[in-house]
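Colleague: First, the structure itself, so that you have it in front of you.
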């Protein structure tokens, strides 16, 4: 079975426990493209839970959503703490290249970890600065040469602009689906590769069923938009 | 004795151990204005070390330098994990107000925790986006109404602009002193309230002596610039 273009956001135990979240990742490891583990999970559950998730996910990507936004040395130091457990980390573009993403980009290459950069965010306030600077942000992204970028499912026009600016080789991950308002499939129709979905899956009584239903919605949306 | 206008950056154990860093905070608790504890410390040393620091610092401010840069709900969730141990948290202005800093600002008021916003950063790349958007950043800061902001000791002109924009009531914390190049006192001369200093103190064989020498340099600089 082909994994659905879903990345499950694991933001820390609200319902359930750390073990419960590791179990969700274990159970869905073959159904989805990967998992995005946030700072609340890392602080609350500790690196040992991240290591447990790593050892139980066979195929899925494990992404540390650190939302890194510091000077280069500190970002590298934070990544060094999780580098043995994850395939990719997320950093912000707005910290710029020199003395920041240049160092991260270089170190991640050495460690064979994928870099994912935030190009825009899913909430309304992202229009205030991120979207108004999209051209400069794209310049920073091109210099740092990441594996993927984050662009909001809640604003498909931004996804299209990012796709046009970066071409087909960069993966686009789109958050904001479900609780935040975007419908499954909309971001992919606009040019994203994967949709990031959290609470609709992790807080469902049956996460596997939730994934199946969302995957179905994605396929239906794709059939409509690619007609 | 009056505490020196120094905030010690505690970025995680490079030399020494977590206990060693808690000891530094304990020993310097009356000598400096406060401590800025970074994500590496929180991940490596855990919340128990933060709690230990809290219980041993009598007068100094304890600031969680989370460099928050996410949607509001996630930022609030991260702060909820440290709220019992710290006096203040640092968040980025670049994420904007709506759906981000509005929620954080409201929740911190409820929890009686000070908000500190990044207005600009100490590295070169901060010119690429942060500084070019200083006017919009100041608008976001004014809406979020923080206790303090971060502005770079490495670029005193930015500190002066931020001071002019925000007036005398907002505290300005300036990183970049020491290893990153700015001299003690320069940022305060430009309008900052406190200088953030990390490795020159934490990696010194005698942190207390290092603080004394830096405080002396600050005083000398102040005598020169206020002449």
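Cβ atoms here come from the backbone N, Cα and C positions, even for glycine.
Unlike curated records, TrEMBL annotations are generated automatically.
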Colleague: Looking at substrate binding as recorded in TrEMBL, which candidate out of B:11, B:102, B:139 goes with B:36, B:122, B:198, B:199?
Modeller: B:11
Colleague: Looking at the binding-site residues B:122, B:198, B:199, which ones have a CB within reach of chain A, meaning under 8 Å Cβ to CB?
Modeller: B:122
Colleague: Between the Cα atoms of residue B:11 (substrate binding site) and residue B:65 (active site, for OMPdecase activity), what distance do you get, rounded to the nearest Å?
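Modeller: Distance (Cα to Cα, whole Å): 9 Å.
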Colleague: Can you tell which of the recorded positions (B:11, B:65, B:70) has the fewest other C-beta atoms within 10 angstroms of its C-beta?
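Modeller: With the recorded positions B:11, B:65, B:70, fewest surrounding Cβ atoms within 10 Å: B:11.
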Colleague: Of B:36, B:122, B:198, which is closest to residue B:65 (active site, for OMPdecase activity) if I measure between C-alpha atoms? They're all binding-site residues.
Modeller: B:36
Colleague: Can you give the mean pLDDT for the domain 'Orotidine 5'-phosphate decarboxylase' (B:5-214), rounded to a whole number?
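Modeller: Across the residues of the domain 'Orotidine 5'-phosphate decarboxylase' (B:5-214) the model's pLDDT averages 95 on the 0 to 100 scale.
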